[in-house]
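Engineer: This is the structure I want to talk about, given as structure tokens.
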Amino acid sequence: MYLAKLPTSTVATCSFRLDLKTSTKEIFRRADAVCFDVDSTVIREEGIDELAKFCGVGDAVTEMTRKAMGGSVTFKTALTERLSIIRCSREQVNKLITDHPPQLTAGIKELVDTLHQRNVKVFLVSGGFRCIVEHVSTQLNIPLHHVYANRLKFYFNGEFAGFDETQPTSESNGKGKVISMLKEKHGFKNVVMIGDGATDLEACPPANAFIGFGGNVVRQQVKERSLWYVTSFRELLKELEKI
């Protein structure tokens, strides 16, 4: 059988990426904090898309979400435009959570429990909405003060009034700002960011490592740029078993 010989430069590039993947795995194994994206990572759906469907404007919003997660528009622009279409009331948000609670991705509960058992601090850092993310954090036994997400604002009568634009997670590079703050506040040496989207990828640095997740949706740009890309949380659990 004839095997084509790869150019030296190609072999060197492959070897370099393999070394970096190995390094990423090592950082994950000795992480003192792990930050998870929520939508399409910790949970199977995109919260804002589910809210849009619930409010009857699903199709218009889904395409904007795809662009935002792919990095083709700024996150704040996409968030503002989507919410201007949805204009949900407080009652609609509460009913969504009650009638259609977010569905956890397979393996995430076991992974978070294992990290907690190893005294690794776990945070949810999301461009989604705090009212939904808090529901998820309760299911995973993650303290509410470990949740960083966007806050919806409502008028006294419950009608939509916008969102809190002072939250770092409302902006591009916002997740990186949260991680920088966590490192400064807690003195973390090895912080790992795990997520499916462009806003997660751009959080490294300041995160020491990034793990791309494609278990619910594959975003090609993220897959291509991730040093370690997984499609199941069980891959991460297996890595922790090596310790």
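Sequential numbering from 1, following the chain as shown.
Note: Cβ is positioned from N, Cα and C throughout, glycine not excepted.
No curator has checked TrEMBL annotations; they are predicted automatically.
TrEMBL lists these features:
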ACT_SITE  Asp37  active site, nucleophile
ACT_SITE  Asp39  active site, proton donor
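Please situate the listed features within the shown structure.
Structural biologist: Annotation for Asp37 (active site, nucleophile): same-chain Cβ neighbours under 8 Å, separated by at least 6 residues, are Val125, Ser126, Gly127, Lys175, Met193, Ile194, Gly195, Asp196, Gly197, Thr199, Asp200, Phe213.
Taking Cβ-Cβ distances under 8 Å and a sequence gap of 6 or more within the same chain, the neighbours of Asp39 (active site, proton donor) are Glu45, Glu46, Gly47, Ile48, Ser126, Gly127, Gly128.
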